[in-house]
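Report on the structure given below.
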């Protein structure tokens, strides 16, 4: 069987003149690596050849992936509309395996669509299929499924449930020949040999001469100590080489028969397990460096950049567990991640790091932690109803789709006629109230003359009645009015949210900042569909990206109050609308409608999580602005 990464050497590179198929994969919420399609992988490889530290816009090759971007430097997939980040990896397979031949194995899910297997499983199934095995047991891969090639069915060995499976031909995954080029620790052009022009590299490059002089001085001191009979492992200092990717600190090999992990630098001595390699990101500003300890006690440097792209999954895992801990007293500078969190800009951090290391001072630059978007796995039996709220699900009902009465009746219902109009402007048409409406001749309604002026009952603002009719006709026509000056709502405001369902329940986990409360989880699910007359493009399809969307509230008195109002806003179709995404620019898609939700469960790195002591009060204010206030709650 063609295992991922088989035939690779210890660094994850294929030997010379050995072909390998490249498959890019992303990590889902269940910890499974899911493959991108062959077309997407070809696109990623093409971008990688041109800029090994750039970004890949997946929507350029697959419209369904338009919200997603892959950052090749951090090896993360970033969803622009929700801020979700997921790790990605680059795996290798034999050219004769399923991805090399363009063979895709899929199983049929509940709604009748087909889902591809994980690539490792796909390779295993294809291998058994080619050997004409009648069946295949997936237990060895961690799945209690039995594949029957005669009936082309997958059977769950526990529940005995059967699903159809199929084998189809698709585009073959990209093929690479020879050794995979190692990434430059200092980013360079694809073929020009020139340094990259990012702000951080320019800043660090300006310190090269000064740092080399200091390092040369340190090297002379170290060689002087070595000549005085120092034994054990000798750490030598090499000159900074901006364009060839060499590290500033490079331990020499230990003499045969010894395993002395002591490092001598400037007369100081410490055990290797306690020493932080001085440059963790300073000399590699675009590719962080991670220290690790080999099995023989030697120190090695691991460059987390494109080098890490080329490692099989098992090697990447072992590398992660081998990281050295930051010793006490070494300053740790959290650097900005993709979402912009963190107090130190990468350029400033790189500049500071190289100067401190050149002066012999220890420093460790760390990446900001990744957001925790979902709680740990939860059994269905642990999902409980929210106290004080009936049911656990709501659907858009037909009564919510009804439109209001004719515009004249709605306007007259909420206004009082003014006999003598004041000498001020109508803020809708910008004509004087003492004159006729600017909509005269453009809009005509029986019973409403252009010169009639009305005053709204609650706020007292005055407008031409014909202007209010025009404003109503341009809105949702739901029987409600909203004052254009102060936003006071008259009647029950409803939105244009497409049909879907809303579920809510209590899960046995706590949100950051609410250690004494469980968590209310809200799940919104809206399918794609066709726009109606109330939407921007009637008759045109609309997309629904990122559903189901999970949101979180603390299970306390105020959190339950917010949930009640959110269910009311859902019934009035105010949570979502169809429009243009402000993050991806995609048109005709389902977007949030000015009521903010917390979609990050265990952190607040994206600004959409906890702790946030002001969130509940803020969302109550946003709901009230939509006409869903606490006065709507029934005792």
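Including glycine, each Cβ sits where the backbone N, Cα and C put it.
What TrEMBL annotates here:
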- 244-262: compositional bias 'Polar residues' (COMPBIAS)
- 392-404: compositional bias 'Basic residues' (COMPBIAS)
- 10-90: domain 'WWE' (DOMAIN)
- 91-167: domain 'WWE' (DOMAIN)
- 426-487: domain 'RING-type' (DOMAIN)
- 244-268: region 'Disordered' (REGION)
- 375-406: region 'Disordered' (REGION)
Review point. Under DSSP, the domain 'WWE' (10-90) has how many residues in helix, strand and coil?
Key: 19 helix, 28 strand, 34 coil
Review point. When DSSP states are grouped into helix, strand and coil, how many residues of the domain 'WWE' (91-167) land in each?
Key: 19 helix, 29 strand, 29 coil
Exercise for review: Work out, from DSSP, the number of helix, strand and coil residues along the domain 'RING-type' (426-487).
Suggested key: 9 helix, 12 strand, 41 coil
**Study point:** Rounded mean pLDDT for the residues that make up the domain 'WWE' (91-167)
**Key:** 89
